[in-house]
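Asker: Quick paste of what TrEMBL says about this protein:
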- 435-444: compositional bias 'Basic and acidic residues' (COMPBIAS)
- 373-443: domain 'J' (DOMAIN)
- 435-467: region 'Disordered' (REGION)
- 26-59: repeat 'TPR' (REPEAT)
- 202-235: repeat 'TPR' (REPEAT)
- 248-281: repeat 'TPR' (REPEAT)
- 286-319: repeat 'TPR' (REPEAT)
- 320-353: repeat 'TPR' (REPEAT)
Amino acid sequence: LGRFEVHFKVDLCLGCSLLNDERTLAEVFKEEGNAFYINKAYSEAFSCYSKAIDACPKNASYYGNRAATLMMLSRFREALEDSQQSVRLDECFMKVCSNTRQHACELWLLRFAKVIDHIDMKNVIYEHKNASSILEFERVAESGFEKRDFRKVVYCMDRALGVASACHRFKILKAECLALLGRYPEAQSVASDILRIDSTNADALYVRGLCLYYEDCIDKAVQFFVQALRMAPDHEKARLACRNAKALKAKKEEGNQAFKDCSYEAAYRLYTEALTIDPNNIKTNAKLYCNRGTAGVKLTKLDQAIEDCTSAIKLDPTYIKAYLRRAQCYTDTEQYDDAVRDYEKVYQTEKTKEHKQLLKAAQLELKKSKRKDYYKVLGIGKNATDDEIKKAYRKRALMHHPDRHSAATTEVQKEEEKKFKEVGEAFTVLSDPKKKCRYDSGHDLDDDGGCGGGGGGQISLTTSHPS
C-alpha cells in the first residue's frame, strides 16, 4: 500500500506536469496566433490556433480566436462551428463574444430564420435590416430565375453580395446566370475565386464546367461535371449538364459522320435531333444549324439552308462560316443584294484576300443582275453551247415575230415587237465570242461599240435561221 501511494503520487505529479506543459505550449501557440492575426496573416494565425486546440481542446478562448480568424478567411461555416463549440465549453466566459460571432456567421450563411430568432432588436437592428433585405433579394432572384430573367438575378445577387459579400451561394447563382447570359469570362472568374478558397466546392466546379460546355469545349466540361458529382453525388444540375453534354457530343459526331459518308438525309435528321437536346447551348447549336444548312444545300433545300444559317447567326453574330454559307446560298438563288451584304460583313470582320475576292465576285454578279439577262431572253442556261444559242434564237424569234401577231391588239403587237427586238439583241451579243465574253465578265458593252440590236429585226417567217 505504501509503494502504491508513492507510485500514485509520482504519477499524479507527472500528469500534472504534463498537463501544465500542454497548457503552456497551447498558450505559446495562442500568442503566436494573436501576433499573426494582428498582422493580418490569417492563414498562419489559423494554423497556430489549431495547434493550441490540439494541445488543449477544452479551452473555449482558442475556439473563439480561431472562429474570428476563420471569419476573416471567409470560411463562415467553420467559424460558426467554432463559435458554437466555444459557447458549449464556457457559457459565461465567452458567451457574449462567441454569440456575436455566431450570429454574424449565421447571417452570412443565410440562416435567416435562426438569426432573426436570436437577434436582440435593440442592439442589432442593423443586422436585422440587412437580413430582411437579403431575404427580399433572394426572393426576387428566385422568381427571376424561374422566368429566365437572368439579368435580374445578377442584379439581385450583386445587391445581396453588397451585404453578404462572402456568401458562396449568392456568388454561385450569379456565376450560373452570367454563364446563361453568355458572359463566360465573368462567370469563370467568380467560380475560380471560390475554388481558390475551397477546391472541393461542387457548385463552383459545376459553373466552371457549364462555361466550358457553352463554349463548345465539351470534353473538358464533362471532366468538371464528373468532378462536381464526386464532391456531391446528388448534384442534380451537374448530373443533367453532364448527360446533355455527352448526348450532344455523340449526336453531333454521328451527324458529322453521316455527312462524311454522303448520307445527307441522315445527317440532316441527326442535326435536327441534336438541336432539341439543350436550347441553352448557344454556340454548339449555332454550329448545328450551320451544319444542317450545309446538308440542306446538298439536298437542294436552299431556302431551308438560308433559314438555318440565319438561325446560326442569330445565336452567334460572329459566326463567319454561317455568313459564308448563307452568302453562297443567296448567290445560288440569285439574291445578289443579300449575298453582297453577307460578304461585306465577312470582309469587315476578317480582311483576307479570299474574302475580298468573294466580295468582288458577288458585287459583279449583282451588277450583272441589274442588266438585261440575255440568257433568260433566249430561255437558255449560262453554259449553253453555240448550237443551243442558235436554236433558242430561232425558236424565240419565231414566237415573237410581228407578222405572227398582226391580228392582235395594238398593245399586244407593241409588247411582242419589244420582245422580238430583245431576242435580236440577245443573239447579237451571245453569238459574238468577244461580246459574249465581255457580257459574261460584267463589262459594259458600250465600251466595245455596243451590241447593235437591230439584227433580229431582219428575220422573217420564211427566212432561214443563221447557221
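Glycine is no exception: its Cβ is also placed from the backbone N, Cα and C atoms.
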Asker: Please compute the mean pLDDT of the model over the repeat 'TPR' (320-353).
Answerer: 96
Asker: Count the residues of the repeat 'TPR' (248-281) that DSSP assigns to helix (H, G, I), to strand (E, B) and to coil, and report the three numbers in that order.
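Answerer: The repeat 'TPR' (248-281) comes out at 24 helix, 0 strand, 10 coil.
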Asker: Excluding the flanking five residues on each side, which residues at least 6 beyond the ends of the repeat 'TPR' (202-235) place their CB within less than 8 Å of a CB in that stretch?
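Answerer: Apart from its flanks, the repeat 'TPR' (202-235) reaches 168-169, 172, 175-176, 179, 182, 184, 187-188, 190-192, 194-195, 241-242, 244-246, 248-249, 280-284, 287.
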Asker: Let me spell it out: take the repeat 'TPR' (320-353), skip the flanking residues so only those 6+ beyond its ends count, and list any with a Cβ under 8 Å from a Cβ in it.
Answerer: 286, 289-290, 293-294, 297, 302-303, 305-306, 309-310, 312-313, 359, 362-363, 365-366, 369
